[in-house]
Amino acid sequence: MKPDIIKKRRPLPSDDEDEYNEEDEMYEDDNNNYEEDEDDDDDDDEDDEDDDENEEELIKQQLSNVSFSSLLKYKKNGPTDKLNLNTITKNLQQQKSFKKEEQQEKEEMNSKNKYKIKRESSDAPVEMTAMKPVSRFRQVVVNKTKMNVRDPRFDSLSGGKYNEDLYRKRYGFLDDVIKRDVERMESTWKQMDDCRERDQLYKKIQSKKSQLKTQQLKDQKRETKNKLWSNEIESVKKGKTPYHISNKTVKQFELQEKFKQLKASNKLDKFMETKRKRISSKEKTFLPQRRSFDQDEN
């Protein structure tokens, strides 16, 4: 507590009045100086309070960035001063920056090592970690020379579009190869004893024969079409009106060619009989097994 300043003058004798005046003036000057010092102290206290408030706000902002677990650790170790909080925040920021840098480095290393293949030599198999699951479809040894398979029907070198005439001219020898295979399979089939193996081989022989037969029919159709087209072109050259060849005309022309071949081989009569039987079996009307109800009453 500050001492109360007494401003009243004491009554003194007249002899000592001059001395008192001097002492009183000195006392008043000291009093004024003391009041000025008191005002300055009050201003300093207010400034200190403002600084403390600013420091508290800064501490609160720093504490908002600090994790709860780290605060508990520092609470156990000692009081949370301003220096401690600054060091905490700096350490946390450094840790975050280090973590980000490590993650970026790991991602870069993974992206680089993703396509790297470890091998002792170019012909050796690929070394892979046992920690990762291996896919079923993988290439263990890379082929140096890649085989490019070409289909002549769709290859750009052979015209792009499928030309059946050209294909049959170039690869017609395959029919002879299939015929030789059928003859060889038939000879082995005759010598086999196991019934199951004989049946399997017999099915293969029949499939090869049917393949040859279908190919022959295709060749015949193509030849008939080519003949019709050639005849039509000659007729147009002579001055006749062009005529569109339909599938019906192609079938009629095929039948005529077939009859000519059968007549030449003396098989026409047999063919006609089988055809007649087939038509008659279709046209037959089957009698009902049970009589109608009206006939039973009569």
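Even glycines carry a Cβ here, placed using N, Cα and C.
According to Swiss-Prot:
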- 88-112: coiled coil (COILED)
- 196-228: coiled coil (COILED)
- 14-56: compositional bias 'Acidic residues' (COMPBIAS)
- 61-70: compositional bias 'Polar residues' (COMPBIAS)
- 83-92: compositional bias 'Polar residues' (COMPBIAS)
- 98-111: compositional bias 'Basic and acidic residues' (COMPBIAS)
- 1-131: region 'Disordered' (REGION)
- 279-298: region 'Disordered' (REGION)
Seminar exercise, completed: Residue counts for the compositional bias 'Basic and acidic residues' (98-111) under DSSP, helix then strand then coil, are 14 helix, 0 strand, 0 coil
Exercise. Averaged over the whole of the coiled coil (88-112), what is the pLDDT?
Worked result: 75
